[in-house]
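Participant: Sending over a structure as structure tokens; questions will come in a sec.
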Amino acid sequence: MPRGDSEQVRYCARFSYLWLKFSLIIYSTVFWLIGALVLSVGIYAEVERQKYKTLESAFLAPAIILILLGVVMFMVSFIGVLASLRDNLYLLQAFMYILGICLIMELIGGVVALTFRNQTIDFLNDNIRRGIENYYDDLDFKNIMDFVQKKFKCCGGEDYRDWSKNQYHDCSAPGPLACGVPYTCCIRNTTEVVNTMCGYKTIDKERFSVQDVIYVRGCTNAVIIWFMDNYTIMAGILLGILLPQFLGVLLTLLYITRVEDIIMEHSVTDGLLGPGAKPSVEAAGTGCCLCYPN
């Protein structure tokens, strides 16, 4: 091969190595910082949550979910940062495999949830009922439930009768809340003054007799129907979750290939020079990074 063509190929190889290296460093660092932020928010929320009597179910504790998500993002991204800086093949492979496993597990989880849709809905409804039992004791769940009921115009998990699981809303309970639902279940115009007593004495009545007063459909089905009607938003959310992980796997795989090519090139060069000979190719730098040779 003419010397000019050889130098051009070498320059392209060097450029691709550096481009992949810095792209992977930026990718890992961004998600490392995001993981640290999510973890910090989760820890702060959990500290605040512990000041009050709260839910025992980790599924319904947003702070616990944030902490777990933050820990996973922080640790995995840290491996990616360290691997890309050191050009360590073992760490790079570990980073790629972890991302790939997470991606596959998410896809499998989605397929299982769709395949066993009825069981998934029952699982969600059961957890919502457990949350309703502690509605007035857990501010996190209360705020989430109130928001969902107002936003999606629904009441309870399966339907409005789920509120009988709460000790204050049970029909046998003393007090004005008995046999009623929270005011966020009520049908009202935005211009009207909020009537916090609008949902009283509705649980023990039939759907048709209260459907003009409160929302009778459950929030689980309401949210599912909303996502089906707004499939573009759902597709955007799925892409936002899955695409970065896929790009991370692809980027790491390409970078591993380039690092292996460099190692192979150096091995061949050293073998041709013979034992004890000084190679003419010198490293461009040392330290935290394995730099591409000049």
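Using the three backbone atoms N, Cα and C, a Cβ is placed for every residue, glycine included.
Worth saying up front: this structure is predicted, and the values here are computed from it rather than measured.
What Swiss-Prot records for this protein is below:
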DISULFID  Cys154-Cys219  disulfide bond
DISULFID  Cys155-Cys185  disulfide bond
DISULFID  Cys171-Cys179  disulfide bond
DISULFID  Cys186-Cys198  disulfide bond
CARBOHYD  Asn118  N-linked glycosylation site
CARBOHYD  Asn189  N-linked glycosylation site
CARBOHYD  Asn230  N-linked glycosylation site
TOPO_DOM  1-23  topological domain 'Cytoplasmic'
TOPO_DOM  45-62  topological domain 'Extracellular'
TOPO_DOM  84-93  topological domain 'Cytoplasmic'
TOPO_DOM  115-235  topological domain 'Extracellular'
TOPO_DOM  257-294  topological domain 'Cytoplasmic'
TRANSMEM  24-44  transmembrane segment
TRANSMEM  63-83  transmembrane segment
TRANSMEM  94-114  transmembrane segment
TRANSMEM  236-256  transmembrane segment
Participant: Among the recorded positions Asn118, Cys154, Cys171, Cys179, Cys198, Asn230, whose Cα is within 10 A of the Cα of Cys185 (disulfide bond)?
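Facilitator: So the list is Cys154, Cys198.
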Participant: Top stretch among 24-44, 63-83, 236-256 for CB pairs under 8 A with the transmembrane segment (94-114)?
Facilitator: 236-256
Participant: Using a Cβ cut-off under 8 Å, which residues of the same chain at least 6 positions beyond either end of the transmembrane segment (63-83) come close to it?
Facilitator: 24-25, 27-29, 31-32, 34-43, 45-46, 48-49, 91-92, 94-95, 98-99, 102, 140, 248, 252
Participant: Going along the chain, which residues at least six beyond the ends of the transmembrane segment (24-44) come within the CB cut-off of under 8 Å?
Facilitator: 63-78, 80-81, 83-85, 95, 244, 247-248, 251-252, 255
Participant: If I take the alpha carbons of Cys179 (disulfide bond) and Asn189 (N-linked glycosylation site), what is the distance between them in whole Å?
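Facilitator: With distance taken Cα to Cα, Asn189 (N-linked glycosylation site) is 24 Å from Cys179 (disulfide bond).
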Participant: In this structure, which of the disulfide-bonded residues Cys185, Cys186, Cys198 has the fewest other Cβ atoms within 10 Å of its Cβ?
Facilitator: Cys198
Participant: Summarise the topological domain 'Cytoplasmic' (84-93) as counts of helix, strand and coil residues per DSSP.
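Facilitator: For that range the per-state counts are 8 helix, 0 strand, 2 coil.
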Participant: Taking the Cα atoms as reference points, how far is Cys171 (disulfide bond) from Cys198 (disulfide bond) in Å?
Facilitator: 16
Participant: Including all protein chains displayed, how many Cβ atoms other than that of Asn118 (N-linked glycosylation site) lie within 10 Å of its Cβ?
Facilitator: 7
Participant: Is it possible to list how many residues within the topological domain 'Extracellular' (115-235) are helical, extended or coil according to DSSP?
Facilitator: 60 helix, 4 strand, 57 coil
Participant: For each of Cys154, Cys155, Cys171, Cys219, count the other CB atoms within 10 A of its CB; which of these disulfide-bonded residues has the top count?
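Facilitator: Within the set of disulfide-bonded residues, the most crowded position is Cys155.
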